[in-house]
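Quick look at what Swiss-Prot lists:
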- 1-6: topological domain 'Cytoplasmic' (TOPO_DOM)
- 7-29: transmembrane segment (TRANSMEM)
- 30-331: topological domain 'Lumenal' (TOPO_DOM)
- 34-54: region 'Disordered' (REGION)
- 34-50: compositional bias 'Pro residues' (COMPBIAS)
- 113: N-linked glycosylation site (CARBOHYD)
- 114-125: disulfide bond (DISULFID)
- 143-207: disulfide bond (DISULFID)
- 237: active site (ACT_SITE)
- 311-320: disulfide bond (DISULFID)
């Protein structure tokens, strides 16, 4: 009996020890709820760039190259047509005094005192003066045209607005389908090297940004242009291309919107004429090379077709025929 009690007591003690051990074990803590996921912040849009300042007409310097003998037949037409709508932009560079022209153009008629003979030296002399006057003006764009060009000032402004004047921009139309070569010479005539480059023909017009024009200064300013042209024996428009491409490594941007008398102007689609930047005509030597446009003037009344183009662009001009103006169509 005593043995049975002893065994029972031992069993009770063992059970009590086991219960005590269980009570001493750490109880598991309740798991904290997972934090709710917050959506990642949406990426910030880049700050909007301020709109580029719009180009104003007086940001552009249009240089018209002419000669004394053309003041009557050619310049009178330009003054009556496109220059009348772009007076603040246009500067006329000639080679002789003309009180009547100066009365119309004021200080925007510049006598270059260059020779009136059409030689390489005379052409480069005028371009040199054009360049210096542009730099002096502080304007953003330089555009050169001849006195047989019609300039659509609105199309020109629209085209230039696509570019920054601080970048290297040389816009125009080459008259050749390949680059030309120039042989660089040093004093004494020793050949140095041959350079290939494109150039925009002056007869169609071309434009330079101020940023690029300033880089041209060592070879173009204060008479240096004439020295550079003489070094490579090239005329004015070719020398511009030589400086830009051959010396500075910039590139001509070919534009189909510039036109000279060297191309077949009758092939221009009539419905695109009012979008072109410059137009031209064949002159007395090639009177049939004109744009194909209908208007209130016959070919006899308007042999260059400049008046017809002008009245389509500016039908409010007081001398334009008082009729309904439509899109350009073939004659």
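Just so it is clear, glycine is given a Cβ too, placed from its N, Cα and C backbone atoms.
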Spatial separation of residue 125 (disulfide bond) from residue 207 (disulfide bond) - C-alpha basis, Å
18
Whole-number Å value for how far residue 114 (disulfide bond) lies from residue 320 (disulfide bond) (Cα to Cα):
37
Candidate recorded positions 113, 114, 125, 237, pick with smallest Cα gap to residue 143 (disulfide bond):
237
Quick check: in three-state DSSP terms, what is residue 114 (disulfide bond)?
coil
Hey, which of the disulfide-bonded residues 114, 125, 143, 320 is the loneliest by Cβ count within 10 Å?
320
Would you kindly give the Cα-Cα distance separating residue 237 (active site) and residue 114 (disulfide bond), rounded to the nearest Å?
16
To the nearest Å, how far is the Cα of residue 311 (disulfide bond) from the Cα of residue 237 (active site)?
31
Which of these disulfide-bonded residues has the least crowded Cβ, counting other Cβ atoms within 10 Å: 207, 311?
311
Where does residue 320 (disulfide bond) sit by DSSP, helix, strand or coil?
coil
